[in-house]
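Since the structure comes first, as structure tokens, the remarks are kept for the end.
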Amino acid sequence: MAEVKTSDRRTENVDDVLAIKAVDVRIRRGTAWGGRDGREIVHGVSFEVERGTVTGLLGPSGCGKTTLMRAIVGIQRGVSGDLRVLGRGPCERELHRRVGYATQTASVYSDLTVTENLRYFTALSAQQGALSPQEVIRGAERAAARVSLSAEMHTQVGRLSGGQRGRVSLAAAIIGGRELLVLDEPTVGLDPVLRRELWDGFHQLADQGLTLLISSHVMDEASRCDRLLLLREGRLIADETPESLLEITGAADLDHAFLCLVEPRRAPRQTPPPPAERAQDLSRATTDCADPPETADPLKTANPPETAGSPGTSRSAAAPQQCDDRGLRLNLPRTTVTALRVLRQMRRDPRTILLVLVLPPALLVLLQAIFAQSPTAFDRAGAGLLGVFPLMTMFFLTSVAMLRERRSGTLERLMTTPIGRGDLLTGYGVAFGLLAVAQAAITTTTAVALLHLAIAGPLVMLGLLAVLSALFGTALGLLTSAFANSEFQAVQFLPPVLLPQFLLCGILVPHDQLHPVLGVVSMLMPMTYVVDALSRISTRPGVSMMVVRDALVIAGCAVVALALAAGTLRRQTP
Ligand SMILES: Nc1ncnc2c1ncn2[C@@H]1O[C@H](COP(=O)(O)OP(=O)(O)OP(=O)(O)O)[C@@H](O)[C@H]1O
């Protein structure tokens, strides 16, 4: 990252005063891994946001407001230049305890109630260790009250109106934003009374020392900001107070001033003037808007001379930042609340749970019926399927669940909270692991007690292998979800990832009857080890070294898949 050459002492003072300092910040989008490809969306903007103020970020649709906000909260790739947030680089994890971010769409869990959502985000926001249950309850209630949602606390978010959902999302941001709140169009879809209430609330927060950066399209909101940043096509064209913006443009109101700056040559009037005045007014509009006087050139105002040419901020020096959040250290309270949250979501979807628990034993019953004339074939295939079914169902469930998290924007929000990737994935692993245990218990019991599947080895080991296999399916599902952009694509991954494994794992054709090349390929497939281990348990008493080896291979594959999933979790919108 390019550094501004200031003494440490001065930087310290500046950071005490400024919440955000941007010098020649450029952002490229359309690059998946932070390289120099893609399109430059933000072209070298420089500005400062003082602490304890409300700053409006305005500009036409597509000008780069969201992109800039994403850079400020540390989830945008391809950012170069010098961007300091609360005196730190925007990617530093320490900021996740101090900065709250509300995305444009309501990024909260629609299958949970308002209380459940807000308690979850409150629990995640703990500075250190865990908050007491009372603190979590109080934090959630306070946040709901801030956005006038106390009456809806026990309503499922999916049953709220669009505006109410947006307010839940805003409350979640307020919970996380101890020092800085970055709000992307937080008042969209709200009626004027609520908008006014929220803006009063924003100013109360600012009076308490919080800094707010708020994007908006509504000009009466702009007039409530202490300062306005105006973006046009990724360039900052004004950085002014609302009053001086009116003065510079000579416009009667901010709506007009905005249009003057954004479309200088097509500045409209609010009401059509009488024909006699038209010529005179047009010439005034040209003077005021089309060609603003040199001294009032908003482009010059927006980029103060001392920063515009700061040493070390030249284009060549500005390499894209890479967010360094590779830490996978586990935080037990955050992992636990995440597992509980996922379990709560599962509880809201009884049909899926029923399917997960009932489908594998039902398939085994069908299999026994098919092999009614050949019980040995059922014994051979049945044991292997005790591991294959959980693997497949967990793969599918978790890939869709994580994809939903990614698409609903909640993953993006989580990436701006103190939760680590390890906490999140382990939370998912624990929740789905518990489901896997239930599934393994039901399927194994059905197979042994009801279908009389012959098992020579210990039943506990059989169940353990089934759970291990389900955990591998969970990790694989979390990993592949990163490469799917829709539920349809997630379903499409099922055949290429699992079908070859199923065909070669030894259930359909024993390994010794496979072509030698296919035999080698099958040994590269984790499902082979699942089926081998289960077949050995079913045919031989005790636990052989080969079973232990197979179990270790499956566990190793699960760990590798989980680590790769953690690596791809931060795959942001490019
Ligand atoms: N994932 C993406 N990959 C590449 N370009 C993108 C991506 N998302 C957005 N863009 C481009 O970035 C530009 C800025 O988008 P951004 O969402 O920041 O605009 P905005 O000012 O917030 O718009 P709006 O007010 O409509 O929300 C747009 O031209 C858009 O096409």
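Heads up, the Cβ atoms here are built off N, Cα and C, so glycines get one too.
Caution: TrEMBL annotation is automatic and unverified by curators.
These come from TrEMBL:
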type: DOMAIN; residues: 20-258; note: domain 'ABC transporter'
type: REGION; residues: 265-328; note: region 'Disordered'
type: DOMAIN; residues: 347-572; note: domain 'ABC transmembrane type-2'
type: TRANSMEM; residues: 353-371; note: transmembrane segment
type: TRANSMEM; residues: 383-403; note: transmembrane segment
type: TRANSMEM; residues: 424-453; note: transmembrane segment
type: TRANSMEM; residues: 459-479; note: transmembrane segment
type: TRANSMEM; residues: 491-509; note: transmembrane segment
type: TRANSMEM; residues: 547-569; note: transmembrane segment
Cβ pairs under 8 Å between the transmembrane segment (547-569) and the transmembrane segment (459-479), at least three: yes
Any contact, the transmembrane segment (353-371) to the transmembrane segment (424-453), with at least 3 Cβ pairs under 8 A: yes
Tertiary contacts of the transmembrane segment (383-403), as residues 6+ beyond its ends and Cβ separation under 8 Å: 342, 345, 352, 356, 359-360, 363-364, 367, 411, 428, 432, 435-436, 439-440, 443-444, 447, 453, 455, 462, 465-474, 476-478, 480-482, 484, 486-487, 490-491, 493-494, 497-498, 502, 505-507, 527, 530-531, 533-535, 537-539
Within-chain partners of the transmembrane segment (491-509) [C-beta distance under 8 Å, separation at least 6 from its ends]: 380-381, 384-385, 388, 391-392, 395-396, 399, 476, 480, 483-484, 518, 521-522, 525-528, 530-532, 535
Same-chain residues at least 6 beyond the ends of the transmembrane segment (424-453) whose Cβ lies under 8 Å from its Cβ atoms: 330, 334-343, 346, 353, 356-358, 360-361, 364-365, 368, 378-379, 382-383, 386, 389-390, 393-394, 397-398, 401-402, 414, 459, 462-463, 466-467, 470-471, 473-475, 478, 538, 562, 565-566, 569
Mean predicted confidence [pLDDT] for the domain 'ABC transporter' (20-258): 87
Long-range environment of the transmembrane segment (459-479) - Cβ separation under 8 angstroms, sequence gap at least 6: 383, 386-388, 390-402, 425, 428-429, 432-433, 435-437, 439-441, 443-444, 448, 497, 526-527, 530, 533-534, 537-538, 543, 547, 550-551, 554-555, 557-559, 561-562, 564-565, 568-569
